[in-house]
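Colleague: I am attaching a structure below and will ask some questions about it afterwards.
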């Protein structure tokens with residue numbers, strides 16, 4: 001039992017503490033001061049900073065201010081001293097007319113805490129007003145037969161002060177006929193009355209002059225006076241009388257002007273003139289005198305001003321009725337003004353935030369509203385609400401204050417601003433309402449990154465584009481605003497084929513337009529993968545990226561390239577072999593071409609552009625195969641020239657041509673045997689070119705022969721000295737020229753021959769045109785005297801088997817040397833023996849030529865007739881290892897067949913693909929031609 005009892009006691013103490021804390025907090029928010037009226041402006045009322053628990057400097061820092069009420073501000077805050085001071089002269093009588101306690105209320109707002117403190121200031125009365133009479137002079141008529149002790153009302157004095165400073169007493173100037181008596185009303189008012197003490201005699205004195213003095217209880221005492229003149233009349237023995245001592249009326253405040261409220265009525269028993277009664281206000285305040293009017297004849301009270309319950313809800317007046325004899329009666333008139341719902345509620349914004357961040361938490365204060373209705377009772381009861389489905393709510397605060405706060409977290413991207421309508425409605429009939437509109441902007445925060453409308457972008461650009469051309473425009477959207485929506489575009493770093501991406505494309509950081517910095521080549525690369533980044537300027541900045549695929553479109557900017565037959569570098573033309581026994585459709589060769597473009601631009605077609613024998617050959621449109629169109633006849637020329645065109649399908653189409661020379665023969669030796677009688681087709685342009693070449697070479701030869709003759713003439717003087725040398729060379733008669741050529745000389749001669757000896761392709765007869773001789777040293781071989789040297793060429797050839805007219809060798813001329821640039825070899829670059837001499841007669845020249853052709857025939861037939869081993873150019877075994885075909889260029893590139901475009905091909909290189917026996921040539925696949 002004891003623990004349970006202690007628990008109940010403890011619980012009661014806790015509840016009592018909570019209740020006391022609540023009462024203390026409520027009391028702390030109400031501050032009271034007292035101040036006398038009529039203080040000068042700036043007079044101290046109270047230390048508001050101390051009562052708020054603040055330092056004076058904190059008043060401004062924390063936003064402490066007085067919430068204004070009405071147009072006139074009576075008080076102000078002194079930020080230096082922290083005091084509440086008067087803002088002007090305070091007149092208690094003007095503010096609180098007739099009120100016993102004059103109390104002024106004001107509200108002080110502490111903005112940082114959004115807390116309101118109520119302040120009550122009691123204005124104490126001082127004796128600043130003297131009593132006064134509205135009429136400074138008054139005339140009273142009294143019948144001479146008036147009875148003593150008859151009372152006559154005197155004018156009432158006014159004193160706006162209260163308490164002891166208000167009206168306290170009346171005094172009448174001394175006289176023998178009258179005295180003064182003061183009546184106290186129910187409300188504490190004092191009404192002076194004149195009492196007749198001694199009977200009047202008009203004949204003795206027709207008028208009496210009195211002075212009525214009103215005094216207050218202030219210190220010092222203030223007084224007011226009124227002069228009274230008493231006129232003595234003839235006898236009238238009856239006074240008027242009101243039907244009732246008090247008249248009451250309740251009227252609504254919205255009455256129209258001139259409306260009759262009530263009628264007072266008084267009667268006089270006298271007759272005639274003495275019975276006539278006139279009505280007047282005996283007592284009425286200033287406000288009532290401006291609102292009500294009393295008809296002096298009828299006693300009707302009507303309105304001459306607008307009634308306002310909020311200004312004054314009750315009026316009290318005193319009327320009197322007086323006959324001609326001066327007798328009077330009085331009655332009270334009480335008028336109650338009923339309230340009607342004629343005032344709509346008033347809404348005052350005491351604090352307002354123009355904008356609120358969109359990420360503000362729920363319950364953020366937007367505005368502080370003060371709601372008031374001047375009506376009373378239900379007409380003054382107000383309810384507030386927000387129109388529409390808005391994310392805000394009103395919370396009841398201190399007194400008539402409401403707080404407008406957010407109900408959810410706002411999002412500027414959904415709703416950037418709100419027009420809030422706060423409606424205040426009273427409970428009157430009919431109810432009146434007031435709408436207050438609040439415009440609220442939602443401040444943006446950077447909570448949205450830029451967004452691209454597409455997940456990825458693709459752009460196409462033809463190759464060979466000009467630099468600086470725009471490729472594509474990418475645009476991102478940021479739902480934010482201002483700086484948070486300003487987007488900067490950039491490209492992610494990347495490397496393409498070893499080069500930075502920035503060397504190929506760039507992007508405008510403001511517009512997002514992508515530009516080409518270089519001209520693209522489809523054959524180099526066909527697409528670019530670019531990552532575009534969009535970043536806003538918020539804090540912190542947000543970004544997003546998108547992939548951009550840039551495809552390069554092919555253009556027909558590459559002509560077909562012919563891979564086979566390849567164009568020789570030495571100016572010769574390849575020869576394809578077609579046996580005379582070939583049937584129609586026989587595959588002679590195949591033109592192979594490629595195009596570096598793609599698609600339709602790389603589709604190739606082949607056609608026979610020109611042929612020396614039309615109808616003999618055909619070219620496959622898509623394969624490029626050159627086949628015989630019919631059987632070969634004996635009348636068909638040995639050499640057939642074909643021009644094959646290869647064309648792509650681009651726009652515009654590009655093409656390339658190749659010239660093929662087809663030898664109609666069964667073998668290479670047959671081709672060489674028939675070269676002497678080969679006739680080329682007439683071609684005016686080629687014939688002219690050949691003529692020019694013949695004339696040029698003939699001129700050079702003539703100059704050379706003249707030079708040789710000059711040298712021979714100079715050597716006649718030394719003829720006798722050379723007899724011994726000639727005698728020693730007599731045993732060489734009948735020896736072939738090939739036995740006099742040394743290894744080094746042949747090598748140098750062949751190299752020079754390969755570059756400087758040319759055979760015209762279309763001459764009417766076969767000619768060998770030799771440039772200026774450039775011979776190497778010659779060696780004598782005794783071992784080869786016994787052998788004969790057959791020659792391959794016949795007919796009109798300049799070579800002959802019987803060329804033995806001059807077999808003696810002139811002595812070497814050691815003074816005639818050639819510079820390094822004049823020596824045999826390609827452009828004089830071959831190394832030779834600086835001590836050798838050159839043949840200086842026609843015999844040696846012809847023998848060397850015969851040796852070259854014999855060696856060529858030997859290599860073509862795969863056998864040697866000069867006694868040398870394989871690949872030794874027919875030289876003896878003594879010189880074979882030192883000079884082989886591996887040390888010199890392929891003769892098939894250097895020896896031309898006169899009168900044709902063909903070069904010598906290895907006789908062993910048949911279509912069967914077998915290599916010649918004992919040869920060192922390369923092996924070719926079956927069905928392929930060896931092209932040099």
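Glycine too: its Cβ is placed from the backbone N, Cα and C atoms.
The signal peptide feature in Swiss-Prot is assigned to 1-29. Under the heading domain 'Cadherin 2', Swiss-Prot lists 134-242. Taken from Swiss-Prot, the feature domain 'Cadherin 3' covers 243-347, and the record attributes it to sequence analysis. If you look up Swiss-Prot, you'll see 265, 419, 545 marked as N-linked glycosylation site, on the strength of sequence analysis. Residues or ranges marked as domain 'Cadherin 4' by Swiss-Prot: 348-452. Residues or ranges marked as domain 'Cadherin 5' by Swiss-Prot on the basis of sequence analysis: 453-562. Per Swiss-Prot, the feature domain 'Cadherin 6' maps to 570-683; the stated evidence is sequence analysis. Here Swiss-Prot flags 714-932 as topological domain 'Cytoplasmic', drawing on sequence analysis.
Help me understand the surroundings of these features in the structure.
Modeller: DSSP assignment over the domain 'Cadherin 2' (134-242) gives 3 helix, 55 strand, 51 coil.
Using a 10 Å radius centred on the Cβ of residue 265 (N-linked glycosylation site) and all shown protein chains, the other Cβ atoms total 17.
All protein chains considered, the CB of residue 419 (N-linked glycosylation site) has 11 other CB atoms within 10 Å.
Looking only at the domain 'Cadherin 5' (453-562), the predicted model's pLDDT averages out at 91.
Non-local neighbourhood of residue 545 (N-linked glycosylation site): 492, 531, 532, 533, 534, each in the same chain, at least six residues away, with C-beta under 8 Å from its C-beta.
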Colleague: Going by DSSP assignments with H, G and I as helix and E and B as strand, what are the residue counts for the domain 'Cadherin 3' (243-347)?
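Modeller: The domain 'Cadherin 3' (243-347) comes out at 10 helix, 50 strand, 45 coil.
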Colleague: Tell me the Cα distance separating residue 419 (N-linked glycosylation site) from residue 265 (N-linked glycosylation site), rounded to the nearest angstrom.
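Modeller: It is 62 Å, counting Cα to Cα.
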